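What Swiss-Prot lists as RNA binding site is LYS422, SER423, TYR424, ASP428, TRP438, CYS439, ASN468, TRP492, TRP497. Residues or ranges marked as compositional bias 'Basic residues' in Swiss-Prot: 244-254. Per Swiss-Prot, domain 'YTH' is recorded for 416-550, and the stated evidence type is sequence analysis. Taken from Swiss-Prot, the feature N-acetylserine covers SER2. Feature annotation from Swiss-Prot assigns phosphoserine to SER23; the stated evidence is a large-scale study or a structure entry. Under the heading region 'Disordered', Swiss-Prot lists 1-52, 243-277, 304-351.
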Amino acid sequence: MSATSVDQRPKGQGNKVSVQNGSIHQKDAVNDDDFEPYLSSQTNQSNSYPPMSDPYMPSYYAPSIGFPYSLGEAAWSTAGDQPMPYLTTYGQMSNGEHHYIPDGVFSQPGALGNTPPFLGQHGFNFFPGNADFSTWGTSGSQGQSTQSSAYSSSYGYPPSSLGRAITDGQAGFGNDTLSKVPGISSIEQGMTGLKIGGDLTAAVTKTVGTALSSSGMTSIATNSVPPVSSAAPKPTSWAAIARKPAKPQPKLKPKGNVGIGGSAVPPPPIKHNMNIGTWDEKGSVVKAPPTQPVLPPQTIIQQPQPLIQPPPLVQSQLPQQQPQPPQPQQQQGPQPQAQPHQVQPQQQQLQNRWVAPRNRGAGFNQNNGAGSENFGLGVVPVSASPSSVEVHPVLEKLKAINNYNPKDFDWNLKNGRVFIIKSYSEDDIHRSIKYSIWCSTEHGNKRLDAAYRSLNGKGPLYLLFSVNGSGHFCGVAEMKSVVDYNAYAGVWSQDKWKGKFEVKWIFVKDVPNNQLRHIRLENNDNKPVTNSRDTQEVPLEKAKQVLKIIATFKHTTSIFDDFAHYEKRQEEEEAMRRERNRNKQ
């Protein structure tokens, strides 16, 4: 590349350009005016170097390469995309000074006329500087590099495209009436625009490169910055700038009630919300004591006042709420609702009580006959009706024939076998006690029949009964006959059982599982006896422990307490069975 020297002469002289290392023909001679488009950018660049006092002066080893092409002849379209920054090389590191990459991040465009230099790099003339767009002006680029810091340069695009006004030290617009913010750099101007709520919602949003009108810019300027008089700029301190964001705070006060506490005194809505969960006429939450019995749903709906009364007062009101006995077929409904008032205060000694379907009131006493005096407080005297009195002779007859819960039981077996029986429901337990029979599954019947035959009368075969999910054993019976596989009892709650054998009930009492859980069976993976399957055999030594605990346990409840209830259920099931058989015919 040949070295060319250009004489800088005043504009208008017609001197020729002298070129070294070559001759010039007449057709190659050019005037100074021909270099005007190319020399304009070089002239601007000669005055664009920062002073020596700038702490961010670039290293003089980094060459300054100008952009060799001019965009003065290119057409300017306002509908194009945003300008792409001109990426330059890295500045050299020297003397420990800070150097930055003068790319699109730091090198920000200046006025619309040209781009200000950054760290000694040449500007990039994004907007053309010909006469067609002389209204924008380029005079602001000459003294722009004389600012105190390299960070003072900021965007010079039209204010509507950036949402703020042009700061001091930037190039303005030739025919624009915008006034500059005095003494505020780009960083300070950015801080003034930090507003939480923002009152510039009405401002027109523009993108870089769109057409702007002077009236639109004037309206935006009035919304973004306060009006400044044409007098001398007043020095602005940081304290004054810090006070500016506090102006829109009164508009944000309603937003503070949402839940973000910004003030020292809570707003009234928060105080009102603290009363959630209380009654409208009272200020305290009405809660029942932890030890108070839980009232049934009907009692709470009818009279909510007993919630805060002592338990004796609550129990005394129950006969008034249910003065008339319901129909016999409704016996199963009211009794479970009234039973908690009677049983729960006195049944603290019960452990792992099965809540369903045992809690149906002490309609019968296991030591004496049935009578109206045996009904507890709050229990509806349903069994006193003529239809329920028919059940009492059945229980009395059973107690007269069988000596239930004997005190002289010999649990120390020398020869015998013991099996676990798991029943699906207490209905079948009731009918087994009533008819002295039992039936297991097909596999269970075979196992029990083989065990009974193996003893050959040399010892008893005891069955330990427990209902699935009850949490207790309900009694002990002795197997008295072999299994009749062809017999069909027709009394069970489910019609799928086939076969039967005779049993004799010895103990009828509820023994909680926690009384027997410590006894483990080595023939059942060392599991507790309470976790056994149906017809699971208990080894003789472990069976002695189980029989001893059941025989000596002082029980408080048994299935006899609900005997009348299960009698009524059996009558209903038989009536439904007869109805189905009649429909089949």
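Using the three backbone atoms N, Cα and C, a Cβ is placed for every residue, glycine included.
Shown on the structure are the features that Swiss-Prot records.
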residue: LYS422; record: RNA binding site; DSSP (3 states): strand
residue: TRP438; record: RNA binding site; DSSP (3 states): strand
residue: ASN468; record: RNA binding site; DSSP (3 states): coil
residue: TRP497; record: RNA binding site; DSSP (3 states): coil
Sparsest-packed among the binding-site residues, when each Cβ's other Cβ atoms within 10 Å are tallied, from TYR424, TRP438, TRP497: TYR424
Cα-Cα distance, maximum over LYS422, SER423, TYR424, ASP428, TRP438, CYS439, ASN468, TRP492, TRP497, record's RNA binders, Å: 17
Tally of DSSP helical, extended and coil residues in the domain 'YTH' (416-550): 41 helix, 45 strand, 49 coil
Per-region confidence, the domain 'YTH' (416-550) (mean pLDDT, whole number): 95
Residue with minimal Cβ packing [other Cβ atoms within 10 Å] among the binding-site residues LYS422, ASN468: ASN468
